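Reviewing the structure listed below.
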Amino acid sequence: MKNQEDLELPLLPDGEPAPADAKGSAYALVCALLASLTSIIYGYNRGVMSGAQKFVQADLGVTDGQLEVLIGATSVYSLVGSLAAGWTCDRAGRRRAVALAAAMFLAGSAATAAANGYAALMAGQLVAGVACGFGLVVAPVYIAEIAPAGSRGFLSSIPEIAGNSGILLSYVADMALAGLPATLNWRLMIGIGAIPPLFLAAAAVLAMPETPRWLVPHGQPEEARRVLARTSGDADRRLQEIAASVREASKGAGGEPAAGVWRDLLVRPTPAVRRVMVAILGLQVFQQACGVAAMVLYAPRVFSHVGITSDRAVLGATVLLGAAKTVAIVVPLFLADRLGRRPMLLASAGGMAASLLVLGLSVRAPPASATGWAAATCVAAAAAFMATFSLGFGPVIWMYGSEILPLRLRAQGTGIGTAVNRVMSAAVGMTFISLYEAVGMAGTFYMFAAASAAAWVFVYACLPETKGRSLEEMEALFDAGANQPSPPPTLS
């Protein structure tokens, strides 16, 4: 009969595990890949409505206004999920939060695919949206805490790659199923999203260990040491650092853990925590203010505006965007731990601003007078925007935000940042159609370009470099006098 240790760490063999090297381990990579299944499912759920929306409207008689609310409301629902996810991660553990997210993804996809009216669609998207909020929080937190410092940038990029892969898969599914009857095709497009959660739930229950930084404050130091031995090499030293961090955090909790977390984050934060929260919230606002949600959700409308009228051509161009976004996301996977977070964010913001400016110029002409040159430029600029977004503002803000928060504040702080992200995403998703009808398609993209330029200034002025730093060093990095743009790295 298995003891508690076996149940907590099902992948760990009996006996003393072999130490991992400074670059990380295959074990940490497997854990990161399993956690990133939440991001694949999130990406699929997020992107599938781009191609399905036309057929939903044809089958259920949904108006443009209702569709705008339906798509934007998913981000509002994910706001609830992201706030609840932080609390769940702290109370039930990171691994159980992953399993809960999988269950909600399964229920949400099934309910949406079976909907027979607008109210049922909204109900299904409510469940799926809450699951999306969970997925955005639990994967970055889990990976940041399971990864060794020397490869944390590499491993923390995996959820964003997985999310983009999910979006690309949804575009491919939309294109492949578009030829079926309108009463069936959109249901299959959405219903396919109920399959991966089954695998994720099984992985969370049977294969994923809990993170050491959750185990230590919950009285399980031996289990934490064994996981650290597989992921960080020098398990005893890392365990001592985590334990010291937990003791220090407990002193400041004042015996009121939940109230203390919110107080320390938002009411009376230290100067270091205040800088951390400004960095996190600023990055989350700018990520969505650049208009990426508009391109993910409404790309077919943008392409139709420049004279691409064939359904297959529109969906093919949308697949190209997904491919560009997914291929480019591989770059941070290998460079985040070499170049650092700041250079990648700066390059990304600059590239987004330039490509959005060109995109705005390409859609200036009304659809009736659009030329082949305008259509080609529009598709190329949109693909460039997706690619440059994926170089930094797609993956790097998630790894940056999850690694700079102190341990006691990490899950709840990540949840708050994700909630802000979801509010901005909802604002873009729920207003894009109305906005381009009011100021023109070109004017809308000029506004997104201005937001991207502002993001560059924010990164340059406010964000210190974090590459090579252990999680326990981050608060000192953001403290007064330690806030330097490019601190010397330390290897774990």
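Every residue number used here counts from 1 along the chain in the order it is shown.
Each residue, glycine too, has its Cβ placed from N, Cα and C.
The structure displayed is predicted, hence computed values, not measured ones.
What TrEMBL records for this protein:
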- 26-44: transmembrane segment (TRANSMEM)
- 31-467: domain 'Major facilitator superfamily (MFS) profile' (DOMAIN)
- 97-120: transmembrane segment (TRANSMEM)
- 126-149: transmembrane segment (TRANSMEM)
- 186-208: transmembrane segment (TRANSMEM)
- 276-298: transmembrane segment (TRANSMEM)
- 313-336: transmembrane segment (TRANSMEM)
- 343-361: transmembrane segment (TRANSMEM)
- 373-398: transmembrane segment (TRANSMEM)
- 419-439: transmembrane segment (TRANSMEM)
- 445-463: transmembrane segment (TRANSMEM)
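Residues 64, 68-69, 71-76, 78-79, 82-83, 133, 136, 281, 284-285, 287-289, 291, 293-294, 297-298, 301, 447 of the same chain lie 6 or more positions beyond the ends of the transmembrane segment (419-439) yet place their CB under 8 Å from a CB of it. If one looks beyond the transmembrane segment (373-398) by at least 6 residues along the same chain, the residues whose Cβ comes under 8 Å of a Cβ in the stretch are 140, 156-157, 159-161, 164, 283-284, 286-287, 290, 292, 295, 299, 302-303, 305-308, 317, 320-322, 324-329, 331-333, 336, 341, 344-352, 354-356, 358-359, 361-363, 365, 455. Through the fold, the transmembrane segment (276-298) approaches residues 46-47, 49-50, 71, 75, 167, 265-266, 269, 321, 345, 349, 352, 356, 382, 385-386, 389, 393-394, 397, 400-401, 404-406, 413-414, 416-418, 420-421, 424-425, 427-429, 432-433, 444-445, 447-448, 451-452, 454-455, 458-459, 462-463, 474-475, 478 of its own chain, all at least 6 residues removed from its boundaries and within a Cβ separation under 8 Å. Listed as Cβ neighbours of the transmembrane segment (445-463) (distance under 8 Å, sequence separation of 6 or more from its ends, same chain) are residues 275, 278-279, 282-283, 286-287, 289-291, 294, 341-342, 345-346, 349-350, 352-354, 356-357, 359-360, 363, 393, 400, 435, 439, 485. If you count C-beta pairs under 8 angstroms between the transmembrane segment (97-120) and each of 26-44, 126-149, 186-208, 313-336, 343-361, the highest count goes to 186-208. Listed as Cβ neighbours of the transmembrane segment (343-361) (distance under 8 Å, sequence separation of 6 or more from its ends, same chain) are residues 283, 286, 290-291, 332, 335-336, 377-378, 381-382, 384-385, 387-394, 396-397, 400, 441-446, 448-450, 452-453, 455-456, 459-460, 463.
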